[in-house]
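Everything below concerns the one structure shown next.
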Amino acid sequence: MAATVNLYLSPLLSTPQQPQSNRSTTTDLIKSCKNLNEIKQLHARFTKQGFNQNPGFLGKLIAKCSEIGSYDSLKYAQTAFDNFCYSEEGLNNTYKFNSLIKGYSLAGLFSDAVLIYARMVLENVEPDAYTFPLVLSACAKDGRFFEGSGIQGLALKWGFGDDMFVLNSLIHLYGECGEVDKARKVFDKMPDRNLVSWTCLICGYARREKAEEAVRLFFEMVEEEGIMPNSVTMVCAISACGKLGALGLAERVCGYIGKAGLKVNTVMVNALVDMYMKCGSVVKAKRLFEECVDRNLVLYNTILSNYVRHGMATEALDVLGEMLSCGGPRPDTVTLLSAISASTEMADVFLGKQCHAYILRNGLENWDSIGNAIIDMYMKCGCQEWACRVFDRMSNKTVVSWNSLIAGFLRNGDVEAACRTFNEMPESDIVSWNTIIGGLVQQSMFEDAINLFRVMQNEGIKADRVTMVSVASACGYLGANDIAKWIYNYIEKYEIHLDMQLSTALIDMFARCGDPASAMKVFNKMKERDVSAWTAAIGAMAMEGNGKRAVELFYEMLREGVEPDQVVFVAVLTACSHGGLVGEGMEIFRTMKDIRGISPQIVHYGCIVDMLGRAGLLKEAIDIIKNMPMKPNDAVWGAFLAACKMHKNDKMATYAADMISESSPDKAGIHVLLSNIYASGGKWTDVAKVRMSMKERGIKKNPGSSSIEVNGTIHEFTSGDESHAEQTSICLMLEEMKCRVREAGHVPDLTNVMMDVDEQEKEFLLYRHSEKIAMAFGLISTSQGHPIRIVKNLRMCSDCHSFAKLVSRVYERHIIVRDNNRFHFFQRGLCSCGDYW
């Protein structure tokens, strides 16, 4: 090999003792060098012969070393520069500095490139039109915004403020650093612009989530300025269309590929495939991929990741199989992440283990993202032990790794393990807190979620939008209005962005806390509203019992062009049911399929049965049940039974009972309701049969309980509860309430006691219902004028309802009760439901 090199260099080394001084000969000799060894030999010979004194020789040598771009060649160039540069007295060294800056930048050593420029400034070497684009490019690639801004000032000082190359480099710098507004200012002030100017700005917008502006600028360039794009412009514009998901717009942009006479290379194919996938045109993306003969790893990863994103795990695995079996490029971490995601989506732990084995065989397990994905895969496939093994063996456990493990525990319902892991974390971030708080909410551990949020505040961690969505949900389920107001004030104080999701959560929170006025204030402040926001507002009106306003909101939503979904129909039909708006409800139900093309589901039929049953139209309700396109479930029969109980129709209830024994034999609520119907009619033998059947099947009745929030603390009471610390005061208040409401005309409705005991015992039991105990505690624990808010887990009985109305009048208190069906707002002896519930 050495002989070959020497023979190859022999023409260079046979240069006469007095070499020619022709500059073109010097340039040719240096250009012909293929590697650093050849440069060194040529340099040594020419130095020995004194040829290095030729003006410009050293600059060409440094430029050639920089062009090779290896670490050793740059080190040699730097040494040559340091040792010999200033032997050329009186010569301009700008070219040499530029060469070094360019070399370091091309090699990815951006910091060194900027340091060479700094040395150039310190040594008072005058820059030229090439210096600033080179160093600004290095700053752009390394995200050095502040250094780039300083260099801009020096460019102005040296008189390059109007130089197109310098200005283009500035646009590129600002775009890469995310300062697209500054890039636009430079662009707008340019006396002249070329294709590079437009492309830099378009790419800056496209990469910084301003895709709409990028596309607008593209059309301004081609249609108004008549400048045809190059391949870089096209790739950026196509990517912007993908982010917008606008297929029509994308097709217009793609039309300029042909108009500009551009060749579709692999980079452009990759952008097109990604764009078509994101625009939902999977068939076109697939065809482009299959027609591409030069598929590289980036293209494979693009199609794989998009298939996974679209939930097309099978198609993704087909591509992966082709990639592995047909001699395609070797999979990298991005490929494996898509493969693991596909196996996770399919819950295919065998495939996941195959991916894991490939990762281990190829030494890819040390990549954090890979380890985290494997943990997530095993957790979602139910292999918690395997996930823990992967976690334990990770050499670098990042916060994301811990978060993945916690999320997996919560997903599998192992709250204890999740909390233990959270407490063991060496460091946590906002995602950690959001994960554990959100997990507690999903597990219906609402008080724990609120308490953990308080701990988070005590530790000085600022919540974000995601935190507040979870906390608002927890607060809504608890019905804690004081906490709800504090949450809203917290959001305003710390200026947390109120997007549609958080605003919707707040509407739902206030509605569940019995504060529909605050819910509607949040709704009215929203600049944009999706169907979920409208649903929350309609639900708030439904809970309040304001069915008329709920229906008005529904039609307002339609007029604003928001397409309804199945959930909003549930909300508006519920509002019609609670408000007794039978005609409006049936009309809306008919429009679901006939006008909106939405097939009613069983939940919608349940709403209709409930609405007709409440109105006493039991025959019509049973006709709906008989003609349903699906088998009625326990919710439908429960609604019908509740109507039978309300209207004391034992015959219909008996028919329903026969049907329930077939469809919902193990539902506690249904059997309890049936037992109550028999008890109301004094049919104690039938009551005994139902209760014996429940006992044989192991069905247990949920005890009635009511909770009330006082000074930020939630107190819960069960029927007949005597365990509270304030029990003595509560009992005294109950006796006082009993006397005062009797004087106001209350007659106990003993039919609400579902036990075969004497009337005196029934009355005693009736006055120990959980909502009455909560009311008594509210009266002794809160000041006059303060609303009493109670949340009950079961439907409020008729006696407690009439009792609460009189308490609100006698004690001049606003009492709000949320049962498992709706809200009751008691004030001055009246209820918002109009006794229709």
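Don't overthink the numbers, they just go from 1 along the chain as shown.
Just so you know, glycine gets a Cβ as well, placed from its N, Cα and C.
Keep in mind that TrEMBL annotations are predicted by a computer and have not been checked by a curator.
As recorded in TrEMBL, the features of this protein are as follows:
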- 93-127: repeat 'PPR' (REPEAT)
- 163-193: repeat 'PPR' (REPEAT)
- 194-229: repeat 'PPR' (REPEAT)
- 296-330: repeat 'PPR' (REPEAT)
- 398-428: repeat 'PPR' (REPEAT)
- 429-463: repeat 'PPR' (REPEAT)
- 499-529: repeat 'PPR' (REPEAT)
- 530-564: repeat 'PPR' (REPEAT)
- 745-837: domain 'DYW' (DOMAIN)
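Beyond the repeat 'PPR' (194-229), the same-chain residues lying 6 or more positions past its ends with a Cβ under 8 Å from any Cβ of the stretch are 164, 167-168, 171-172, 174-176, 178, 180, 183-184, 187, 236-237, 239-241, 243-244, 246, 249, 252-253, 256, 259-262. Counting only same-chain residues 6+ beyond the ends of the repeat 'PPR' (398-428), those with a CB under 8 A from a CB of the stretch are 368-369, 371-372, 375-376, 378-380, 382, 384, 387-388, 391, 435-436, 438-440, 442-443, 445. Residues of the repeat 'PPR' (296-330) grouped by DSSP class, helix first, strand second and coil last, total 26 helix, 0 strand, 9 coil. Secondary structure counts, DSSP: the repeat 'PPR' (93-127) has 26 helix, 0 strand, 9 coil.
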